[in-house]
């Protein structure tokens, strides 16, 4: 047998195999012990694992397996070599796999836990989304119902329709068995059944408003469940075999308006609510859901808004109707007032002319008689007639002025005039009366007072005459001082409600008239500027006068943007009247352009009009004779005619002046035009003067438009006619201020 040189592999020794088995058992035990720990961690962290007891059993099994391998370390016995090799190999493989499994579980378990956590999270999110979708669907459905109900409620502004529609729509939407509205009564102490869903004409049951259930509902903003046996819930009789359905009640705020009433609604209440009661069907186990209660609450608020709109509309319509009635009444009153004013003005215009015509005769003839030889007694009589006639003429002028002032037709005539001459003329007019009463008159004109001013000379003189005339009238002895100066800006602040604006184009004239007469009680001073009113003290001591003077002065001063007031310390202590008026400052070049008016100062007494041919045209025989007498007394050669045709036939170049009455319509104006056509040479034709009793501005404008040379108002005395002729012949134009 041939020998073989092959070398057999050397197998591990028995000791080495023993070591491998020891090491393998140790690692197997460690791996087995670690796996239950990982499983315990997994079970603790995983909240969704359904079979935890199986994992507990599996963990116990693994621990016991590990314990057997650990026990092998102490109970190991030797085996045959082949068995030892097989056991060692198996244990090494078991140790490797066990350790690999344990290590793998360390990495896998967190991943498993995260997967389970995400799954749980997604499930929770899905459930939450389902709930939210359900809520959204519920809200959408509720919103749809609210919009539908709101549309139905807002489709009208009639409050009864609003309330009835609310019940019908709520009953249809929520499938209610009954729905009702309880309204507060006028007293506010009870609720009355006013509207129901099923009954057309509900019986007006009443419930005390202080009932505990009602107080509970009124104190809450939400729908409140109430007992079906509550008085406000007993809307229909319940059947014996069915249980009544659930009932809720909600308050409906009512608008607080003083005159907003439905049936017997109160006017104003600190807690003004209606009560809406809703009942589910009694033959079902249905309950109120949250979204249904929300719907009821929203509808209650919408009803409150709709009722407030309806109330506001009713108030506005009521206010509109009242306003229309007031406008109709005001329009009627305005038309009646305008008619009354026109009637009054027409009456005054007619009366003015009709009264001035006989006054013209009275004053003219009295003035003619005054210039004849008379006894002392006769002269006193004539002077009394003249004085009374002049007083009557003044009264007529005052009434006309007051009428114009009140209807706004009187306007100031702005012109340049001699301011100093106005004061001197007033002094000359008042002096004769003052000398009879032995009163001394003192006039002080400040050095800085302009000699010329722009304003209404006639109204300023009329105001000054009234104020000074009152001082003379109510003074029996002593003196009267008249002071005129330019008002200083610092003096404006002493006058309440008077705030003039300084300017270089105007100044404020301040006139102060102080007397030592009867004086006035301070409480009577405000009455003095009221028309037809006098101080009781003054009226008792001197009943003369109409009571119009100061009232007219007040209005004149207001027109001239000024102020007037009276001061007195009491009866018997005299008084001081002060007024301020706004006047313009003329240019130096305009100072010579002054208006011309007749001056009754006696400066023309020696004027001789002998041989002056004058033509008088007047349809009134008495007035025609009186005017002729005045002119003849002044030495004129007078021709009289009664119509325009006769005047055209008689007039010639020899006539220097024509006096005509233009009160009879357009006849006098046409006559002036025809005379101008007849005599084309302006310097040779006669001067045409209107002698009329009409005081309106239209008359003056028409006279100027047809080319007349002047206008004189009746009545005319001898002295006035003398001044008229003198000024007319000198200036060839003379328009008396109306």
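Cβ atoms here come from the backbone N, Cα and C positions, even for glycine.
Where the annotation comes from TrEMBL, it is an automatic prediction and has not been curated.
Straight from TrEMBL, the features:
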TRANSMEM  20-42  transmembrane segment
TRANSMEM  54-76  transmembrane segment
BINDING   65, 69  Cu cation binding site
TRANSMEM  82-109  transmembrane segment
DOMAIN    350-587  domain 'Histidine kinase'
BINDING   470, 471, 472, 473, 515, 531, 546, 550  ADP binding site
DOMAIN    613-729  domain 'Response regulatory'
MOD_RES   661  4-aspartylphosphate
CROSSLNK  714  ubiquitin cross-link
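Mapped onto this structure are the features recorded in TrEMBL.
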{"residue": "65", "record": "Cu cation binding site", "CB count, 10 Å": "18"}
{"residue": "470", "record": "ADP binding site", "CB count, 10 Å": "23"}
{"residue": "471", "record": "ADP binding site", "CB count, 10 Å": "26"}
{"residue": "472", "record": "ADP binding site", "CB count, 10 Å": "19"}
{"residue": "473", "record": "ADP binding site", "CB count, 10 Å": "18"}
{"residue": "515", "record": "ADP binding site", "CB count, 10 Å": "25"}
{"residue": "550", "record": "ADP binding site", "CB count, 10 Å": "23"}
{"residue": "661", "record": "4-aspartylphosphate", "CB count, 10 Å": "23"}
{"residue": "714", "record": "ubiquitin cross-link", "CB count, 10 Å": "27"}
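A Cα-Cα distance of 136 Å separates residue 65 (Cu cation binding site) from residue 550 (ADP binding site). Spacing of residue 714 (ubiquitin cross-link) relative to residue 661 (4-aspartylphosphate) is 10 Å (Cα to Cα, whole number).
The residue listed as '4-aspartylphosphate' and residue 471 (ADP binding site) are 38 Å apart (CA-CA, integer value).
Under DSSP, residues within the domain 'Response regulatory' (613-729) fall into helix, strand and coil as 53 helix, 24 strand, 40 coil. When the alpha carbons of residue 473 (ADP binding site) and the residue listed as '4-aspartylphosphate' are compared, the span between them is 36 angstrom. The separation of residue 515 (ADP binding site) from residue 661 (4-aspartylphosphate), Cα to Cα, is 43 Å.
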